[in-house]
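To start, the structure itself, in structure tokens.
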Amino acid sequence: MNVFRLTHITTSLHSGSRMVVKNVCCIGAGYVGGPTCSVIAWKCPDIRVHVVDKSQARIKQWNSDKLPIYEPGLDEVVKECRGRNLFFSNDIDQAVREADLIFISVNTPSKTYGIGKGRAADLKHIELCARKIAEVAEGHKIVVEKSTVPVRAAESISHILSANTKPGVSYQVLSNPEFLAEGTAIENLVNPDRVLIGGEESAEGEAAVGELTWIYHHWVPQHKIITLSTWSSELSKLASNAFLAQRVSSINAISALCEATGADVSQVAYAVGKDSRIGSKFLQASVGFGGSCFQKDLLNLVYIAECLNLHEVAMYWQQVTDMNEYQRTRFAKRIIGCLFNTVTDKTLAVFGFAFKKNTGDTRESPAIFVCSHLLEEGARLNIYDPKVERQQIESDLTSARATSEPERVEKLIHIYTDPYQAVTDAHAIVILTEWDEFKTYDYKKMLSVMKKPAFLFDGRKILDHESLINLGFHTETIGKRFTRNTLLRSSGGDL
Ligand code: UDX
Ligand code: ADP
């Protein structure tokens, strides 16, 4: 961290030389832009926040009682601020024109075409935003890159802006990556571990960093605000997600060893996490990580390393995503193996489709991969998730990425709103998301309406497996092998 710059910024904040940000605009009303700007509006009643999006449907939802994303605490924040100093609209031009500071929070998916296909980040949405800003902006604007983007993306934004600058218009581009995790977004925004602000190393750049710092100062203590170079800021975001994903892949790799040797991955994770240098967070073995960031950012890191001829670095991070693929496939194969090597025409009740609990988001959800594998083998799936909409599940499982036979898949999937109905006549229950409500179900009642032997595959390690075995379920979970004696109890000596 550059202490000189930080001191300089703090001084300028108190010297009265600031431009005073009164209007903030955010382009992109998604999982990042929506919650982030809602919290800014909530914590900064003196700032007017205008969130815009090209999608009319999305904005309509932000202005309704049913917000487009499910996030604990978000409804309350939006209700308090909407119409006061928080506004949602499709009027991108007006919002950009009025704003002193513009966040770009549009999606940056992996490219699905051309050079870097499947790995490089697709910057077309970011580029369109930069061109739009250049087209309509007046006066001085601070443009803040908030989407996860490859290193040096801020440079591309600056390039587009400066190549199209009109007289009387000037820009400063900052990087301010978002570290919110879905399901805990409001908590993460209100009490962040740190806020990164990357800017150009010039007086103008430092002044812009000072303006954004001032916004965060409304609720974030100074020691948590880290200022650094734009490139370091961008790379820190990719590196943080890569490190987190690596922890999940590491414990998942150990889970395979546990299953093969009889060790229990929960015990191993506990023991390993007790080392204060390692720490206990993010050591929950699972069916694999999902979400819009981990896979995309890892592949992006791999692509950047390859482009820089750093092959060993690329191969190192590639392994983290390969291990994730291995874990998902391994779990699906284990289900098939346990069900006497065939799931054709068998009914499996799937609990959970979101990539983690407390969100309705299914992007890169391990559920999509496990379900697709089972569908490929001819299984009928009764799917229940407390928050994911029916259409989302259907479109995820019938998309070109998931299957080459969408009509066949459509016939094999049934979406339920009641988990007890989903298990009726099912051969097995498969848990793919760690929703708390799954722990509260009456599994005795479920067992009574299932086909026997009834199987339960816990891909999230959330249930009490001994109790399930005692009830009579043949139970399988990640990173633990039940002894033959335990399983004999569940089958009444029939193994
Ligand atoms: C992540 C980062 O945490 C966040 O900082 C960044 O801004 C965006 O990407 P998110 O993807 O929303 O956030 O959720 P996260 O809690 O990180 O979980 C990602 C995936 O890893 C989920 O599928 C989760 O179930 C899985 N996971 C997480 C595990 O399997 N085990 C763990 O111990 C932790
Ligand atoms: P993230 O998880 O990064 O927030 P989302 O897909 O949830 O991604 O949200 C991104 C939002 O950005 C979408 O609502 C999309 O309509 C919007 N968007 C993408 N490109 C533009 C653009 N050029 N102008 C305005 N909005 C855009």
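Each residue's number is its place along the chain shown, starting with 1.
Here the Cβ of each residue, glycine as well, is placed from N, Cα and C on the backbone.
What TrEMBL says about this one:
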| type | residues | note |
| --- | --- | --- |
| BINDING | 28-33, D53, R58, 147-148, E182, 293-296, R363 | NAD(+) binding site |
| ACT_SITE | C293 | active site, nucleophile |
| DOMAIN | 349-465 | domain 'UDP-glucose/GDP-mannose dehydrogenase C-terminal' |
Those binding-site residues in G28, G30, F294, K296 whose CB falls under 6 A of ligand 2, listed in sequence order: G28, G30
The domain 'UDP-glucose/GDP-mannose dehydrogenase C-terminal' (349-465) - residue tally per DSSP class, helix then strand then coil: 43 helix, 20 strand, 54 coil
Number of other Cβ atoms within 10 Å of the Cβ of G28 (NAD(+) binding site) across all protein chains: 26
Local Cβ density at E182 (NAD(+) binding site) - other Cβ atoms counted within 10 Å: 24
Residue among recorded positions V32, C293 with least C-beta crowding, 10 angstrom cut-off: V32
Cα-Cα distance linking C293 (active site, nucleophile) and G30 (NAD(+) binding site), given in Å to the nearest integer: 14
Among V32, D53, S147, E182, C293, K296, the recorded positions whose C-beta sits under 6 Å from ligand 1: E182, C293
C293 (active site, nucleophile) versus S147 (NAD(+) binding site) - Cα distance in angstrom: 10
Around the Cβ of K296 (NAD(+) binding site), the count of other Cβ atoms that are within 10 Å: 23
